[in-house]
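Per TrEMBL, the features are as follows:
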- 20-45: transmembrane segment (TRANSMEM)
- 38-287: domain 'G-protein coupled receptors family 1 profile' (DOMAIN)
- 57-75: transmembrane segment (TRANSMEM)
- 95-117: transmembrane segment (TRANSMEM)
- 129-155: transmembrane segment (TRANSMEM)
- 194-218: transmembrane segment (TRANSMEM)
- 239-258: transmembrane segment (TRANSMEM)
- 270-289: transmembrane segment (TRANSMEM)
Amino acid sequence: MRNGTITTFILLGLTDDPELQVLIFIFLFLTYTLSITGNLAIIILTFVDPHLKTPMYFFLKNLSFLEISFTSAIIPRYLYSIATGDNVITYNACVIQVFFTDLCGVSEFFLLAAMSYDRYVAICKPLHYVIIMSNSVCRILNICCWVAGLCIIIPPLSLGLNLKFCDSNIIDHFGCDAFPLVKISCSDTRFMEWTVIICAILTLNMTLTCVVLSYAYIIKTIFRFPSVQQRKKAFSTCSSHMIVVSITYGTCIFIYMNPTAKEKVTINKVVSLLISSISPTLNPFIYTLRNNQVKKAFEDSIKRIALLSTK
């Protein structure tokens, strides 16, 4: 985004009502604290507990890192704006925010696809699981998720760096986002808008195809299991991931693939807020509350800390 005469932007946020701003601040502060605490707990547990040294928890650890990075790129700045009344953000800070939110957001889709492939191998090819999902393969898949995210955001970001802002510097959003920035630009943005939409659709379609195919084979395999107990156990290992996938894809499809949603600025901002605050908060609880192994690891860690504190 090339700034001609404009060096700063003004973020309008969600509302001008002081009472609503207080409620939003409390809500965001609580969800952000829970998000950081929950995701950090998962990262620490996967490092210290030997029972969580499996591919599934390797990907979960990286998902938690992405969630922390994504929400930290948006929420603290908005909390600062509400608390101080300072809605001004510099041009460079805005560019950095767009880069990190887009990179983390896109990379998360590819990581969710990699996690669905991991579940496919675990259920459909259990005898070859250790060989197929080796440590090196998991690391390569994780790196590929980041590289894919970077490759997806480079074309629209490169075009965005050439945008001029000369008439208005008021962003009708609580953070720097592609569509609000395009809306106030005085450049011809048609090509960039189509690039953003195409990149978003490509990301959603590629990763969703992988997820759907993986779970199609998983469900097909599960129904072949002879006992009901085996089916329940197999479904329980996938249920948390399926819930997270549904929440993530549902909200993003609403924003990028629903034409009317882009026109309804308020709805767009509210959905964006849910993505940046609620989803990162729910994810660790969805994975831990439905997972006995993680709960046991957490209980063991608490016991070890209590034992050390008594010595």
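Each Cβ is built from the backbone N, Cα and C atoms, and glycine gets one as well.
No curator has checked TrEMBL annotations; they are predicted automatically.
Stretch with the largest number of CB pairs closer than 8 A to the transmembrane segment (20-45), among 57-75, 95-117, 270-289: 270-289.
The largest share of C-beta pairs under 8 angstroms with the transmembrane segment (95-117) comes from 129-155, of the ranges 57-75, 129-155, 194-218, 270-289. Long-range Cβ contacts of the transmembrane segment (194-218) within its own chain (Cβ-Cβ under 8 Å, at least 6 residues beyond either end) map to 106, 109-110, 112-113, 116-117, 119-120, 123-124, 152-153, 155-156, 159, 178-179, 182, 234, 238, 242, 245, 249, 252-253, 256-257. Taken as a whole, the domain 'G-protein coupled receptors family 1 profile' (38-287) shows an average pLDDT of 84 in this prediction.
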